[in-house]
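J.: Sharing the record's features from TrEMBL:
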| type | residues | note |
| --- | --- | --- |
| SIGNAL | 1-19 | signal peptide |
| DOMAIN | 67-103 | domain 'Pacifastin' |
| DISULFID | Cys82-Cys100 | disulfide bond |
| DISULFID | Cys85-Cys95 | disulfide bond |
| DOMAIN | 108-145 | domain 'Pacifastin' |
| DOMAIN | 150-186 | domain 'Pacifastin' |
| DISULFID | Cys165-Cys183 | disulfide bond |
| DISULFID | Cys168-Cys178 | disulfide bond |
| DOMAIN | 193-224 | domain 'Pacifastin' |
| DISULFID | Cys196-Cys211 | disulfide bond |
| DISULFID | Cys206-Cys224 | disulfide bond |
| DISULFID | Cys209-Cys219 | disulfide bond |
Amino acid sequence: MKVAELLLFVVIFAVAVEAEEKCKNPGEKFMSKDGCNRCKCSTSGIVSCTKRLCQKKVKREAKVEAKRPCIPGERFLSSDGCNRCVCLKNGDAGCTKMKCPPKKKLSDTPCKPGSSFLSVDGCNRCKCSKDGLEAACTKRYCPPVTSDKDTPCRPGSRFTSIDGCNPCKCTKDGKAKCTRMKCPPKKVKREIKKECEPGTQWAEDCNSCICTDTGIAICTRMGC
C-alpha cells in the first residue's frame with residue numbers, strides 16, 4: 001500500500017511541476033520543453049504531459065538544429081534524418097529527440113569528415129559528411145574503363161585493356177593486371193590507288209573493298 005501511495009505522490013508531483021506553465025488554448029496539443037514528450041492543455045488551462053525518458057545523445061543535435069534559420073510554422077526533417085522539426089515564432093527550430101537508428105558507414109571507401117574524394121566508379125567526385133557516416137557523390141555518366149597497368153583503377157574492378165581485346169583486373173593496390181594474348185588484327189580501311197566504279201564492292205583475298213563516290217577503292221587490311 002505504501003508503494004502505491006509513493007508512486008501516486010511522484011505522479012502528482014511531476015504533473016504539478018509541469019502545471020506551473022499555464023496554457024491559453026484549451027484542447028491544444030504541443031511538444032514539451034524536453035523535446036520528446038507530448039503535452040495537452042486542459043479546459044481549465046492546466047498542462048499535462050507524458051513522462052517518457054528522453055535520449056541525452058540526441059539532445060545535443062537538437063541544440064545545433066535550433067540555430068538553423070527557418071520560417072515560422074515551417075516543418076522539416078532534422079539533419080539526423082529521423083527526427084522532425086517545426087519552426088517556432090521566434091525563428092528557432094524545435095525538434096523531437098527520438099533515438100535514431102545507427103547509420104551505416106561506407107564499406108568500400110574510407111570517409112574522413114569534410115573530405116572530398118574520387119568515387120569507386122573512378123570518375124565521379126564525393127564529399128564526406130561532417131559526421132563521417134555518409135558521402136554525397138555526383139551522378140554524371142562515366143565512360144567505359146579501358147586502362148592498363150600504368151593507369152590507376154578501382155580495386156576489384158574488371159575491364160578491357162587499351163589494346164581492345166585483353167581482359168584486366170585491378171589489384172588491391174590499384175594496379176591493373178592484364179592478359180597478354182595476341183589480339184586479332186584490326187579491320188582498318190585504307191585507300192588503294194585503283195580506279196573503280198563508284199558504289200561497287202568486291203573481295204581481295206580475305207579483305208573486302210568498296211569504291212567511293214570519287215572512284216577510289218577503300219579496303220580492309222586484315223592479315224590473311
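Keep in mind that glycine also has a Cβ here, set from the backbone N, Cα and C atoms.
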J.: Would you mind reading off the Cα separation of Cys168 (disulfide bond) from Cys183 (disulfide bond), to the nearest angstrom?
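T.: Spelling it out, the Cα of Cys168 (disulfide bond) and the Cα of Cys183 (disulfide bond) are 14 Å apart.
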J.: I need the CA-to-CA distance for Cys183 (disulfide bond) versus Cys219 (disulfide bond), whole Å please.
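T.: The Cα atom of Cys183 (disulfide bond) is 20 Å away from the Cα atom of Cys219 (disulfide bond).
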J.: Based on Cβ atoms within 10 Å, give me the single least packed residue among the disulfide-bonded residues Cys82, Cys206.
T.: Cys206
J.: Give the residue counts of the domain 'Pacifastin' (193-224) per reduced DSSP state, in the order helix, strand, coil.
T.: 0 helix, 16 strand, 16 coil
J.: Once the chains shown are all counted, how many other Cβ atoms turn up within 10 Å of the Cβ of Cys211 (disulfide bond)?
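T.: If we count other Cβ atoms within 10 Å of Cys211 (disulfide bond), we arrive at 19.
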J.: Across the domain 'Pacifastin' (108-145), what does the pLDDT come to on average, as a whole number?
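T.: So the average pLDDT across the domain 'Pacifastin' (108-145) works out to 72.
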J.: Mind checking which of Cys95, Cys165, Cys196, Cys209, Cys219 has the fewest other CB atoms within 10 A of its CB? They're the disulfide-bonded residues.
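T.: It is Cys165 that, of the disulfide-bonded residues Cys95, Cys165, Cys196, Cys209, Cys219, has the fewest other Cβ atoms within 10 Å.
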J.: Restricting the comparison to the disulfide-bonded residues Cys85, Cys211, Cys219, which residue's C-alpha is spatially nearest the C-alpha of Cys100 (disulfide bond)?
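T.: Going through Cys85, Cys211, Cys219 one by one, the closest to Cys100 (disulfide bond) is Cys85.
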J.: Among all the protein chains here, how many other CB atoms are within 10 A of the CB of Cys178 (disulfide bond)?
T.: 18
